[in-house]
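Colleague: Feature table excerpt (TrEMBL):
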- 18-415: domain 'Major facilitator superfamily (MFS) profile' (DOMAIN)
- 20-43: transmembrane segment (TRANSMEM)
- 49-68: transmembrane segment (TRANSMEM)
- 80-100: transmembrane segment (TRANSMEM)
- 170-187: transmembrane segment (TRANSMEM)
- 204-226: region 'Disordered' (REGION)
- 212-224: compositional bias 'Low complexity' (COMPBIAS)
- 244-264: transmembrane segment (TRANSMEM)
- 270-289: transmembrane segment (TRANSMEM)
- 301-320: transmembrane segment (TRANSMEM)
- 326-353: transmembrane segment (TRANSMEM)
- 365-384: transmembrane segment (TRANSMEM)
- 396-415: transmembrane segment (TRANSMEM)
Amino acid sequence: MAYVDAKETSPERIFTAPFFYLMIANGLLRFRTFMLVSLVPLYVIQRGFGATEAGLTTTLYMIAAVLTRPWAGRSVETRGRWAVMTAGAVIFCVATGLYVLPLPVWLVLAARAIQGWGFSFNGTAAMTLATDIIPEARMSQGIGYLGIEQTVAQVFAPAVALWLQTEFGYTVAFGGVFGIAVLDIVVRFPLAATAKKVDADRRRAAAEEHSASPASGDHAAAAKHPSRSRLIDRLIERGAWKPSLVMFFVALGTVSVNTFLAAWAIERGIANPGVFFTASGIMAAVSRIGVSRVGERFGQLWVIGPGIMCEIVAMALIAWTPNLPVLLLGGAFFGLGLGLVTPGLNALAVLAANKQSRGMANSTFFMSLDLANAIGAVLLGFAADFGGLRSSFEAAAALMAVALALLLVLSKLGVISSRPEPAGAGSRLQR
């Protein structure tokens, strides 16, 4: 398959053949992930174990993903997009196949940790390859399109997983997830030529840049503070941490919905809280498709800022919700906000880095999400214990207000520009 270079095509072109394959692969990755999120804790509980062991299936998954993100980012740069992406898909697939066996609970937990490792490698490499083939002037829009599969998976995958488990049992349900994992490996093979061409071009550009200015940029910083630079650069990409920090505070707040929304709706006497996620998913897809051009025309600040405001409104509506219509309205604002914020900040994080460091940039961004998910449930759980479930959503709104204030401060300092990027330009984020 021919490599599609943004410079060789129209700057308006996103939907190339490699991008379509990535959309399919990303969709399969997200679908099986959300299927297991529903299946594994229920499987552990129905085997007679407690809520602690069930909760550990998610905690260990997230810890493994967080710990391996920097490794994944470095490996993408040193081993190549294709190798890391395929290795992650295979690791996840093998761990999924273990569930069809009658495992003791400690092996179930070990399998979840291995899946977190595979997800980290697979997702980081796939998103890095996506940012290589999406035209820079349309980066947030391309990332938004690529995220639609997550919205679809989040709405439908749990229902499919629970239907398979109810009708046919866990063996068939886990077997279905394993089949999707195998298919996910297969659909990545057509991306091999594209990924290898990207890696070759990147190595050649890095060599030319180093030979032209061997002691500039990050090399000079590393020479000035060698030990500190080595440690920091192994963990994060220096240019990407600023938008990633904004995303961290947003994601901290969104954890309240995933953790406490169902319980809060029942406490408020709302019988079918699942429709919240339907409204959220629809609006997230709409915003990802329809609003991303605003950022291209006016600058990402005019997309991300209103998106965070939508999240704050959503948390306020959820905290107040007296009935189902208000809860649905909160879901609509929640999905709209996430659809605006996530692609925009992801694009800023990627464009803040050198092209040779996009693997670490994506790793830094997604590590902020992983950390928020790991910390947020505990942090907001304390708020819920102290002041009731309503307090968790009020705390979430406060965290998102912090994210908005941080965004405005970074914009005022010139770190994030409110102006649009010219076609083919690099990021305006200051390293």
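Quick reminder: no glycine exception, Cβ is built from N, Cα and C everywhere.
Tell me about the setting of these features in this model.
Modeller: Non-local neighbours of the transmembrane segment (20-43) in the same chain are 54-55, 57-58, 89, 92, 96, 99, 108, 112, 115, 119, 122-123, 126, 129-130, 133, 145-146, 149-150, 152-154, 156-158, 160-162, 165, 170, 173-174, 176-177, 180-181, 183-184, 187-188, 190-191; each lies 6+ residues outside the stretch with a CB under 8 Å from one of its CB atoms.
Taking Cβ pairs closer than 8 Å, the transmembrane segment (49-68) reaches residues 37, 40-42, 105, 108-109, 112-117, 119-121, 367, 370-371, 373-374 in its own chain, all 6 or more past its ends.
Residues of the same chain lying 6 or more positions beyond the ends of the transmembrane segment (80-100) and with a Cβ under 8 Å from any Cβ of it are 29, 32, 36, 40, 43, 72, 107-108, 111-112, 114-115, 117-126, 128-129, 132, 170-171, 174-175, 177-178, 181-182, 184-185, 188, 191-192, 195-196, 198-199, 359.
Same-chain residues lying 6+ beyond the ends of the transmembrane segment (365-384) with a Cβ under 8 Å from its Cβ atoms: 59, 62-63, 65-66, 69-70, 120, 123-124, 127, 236, 240, 243-245, 247-256, 259-260, 345-346, 349-350, 391-392, 394-396.
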Colleague: How about long-range neighbours of the transmembrane segment (270-289): same chain, 6 or more residues beyond its ends, C-beta under 8 Å?
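Modeller: Long-range Cβ neighbours of the transmembrane segment (270-289): 144-145, 147-148, 151-152, 154-155, 257, 261-262, 264, 307, 321, 323-324, 327-336, 338-340, 343.
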Colleague: Near the transmembrane segment (301-320), which residues from the same chain, at least 6 beyond its ends, have a CB less than 8 A from one of its CBs?
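Modeller: Distant Cβ neighbours of the transmembrane segment (301-320) are 140, 246, 250, 253-254, 256-257, 261, 264, 287, 291-292, 294-295, 326-327, 329-331, 333-334, 336-341, 344-345, 348, 390, 393-394, 396-397, 400-401, 403-404, 407-408, 411, 416-418.
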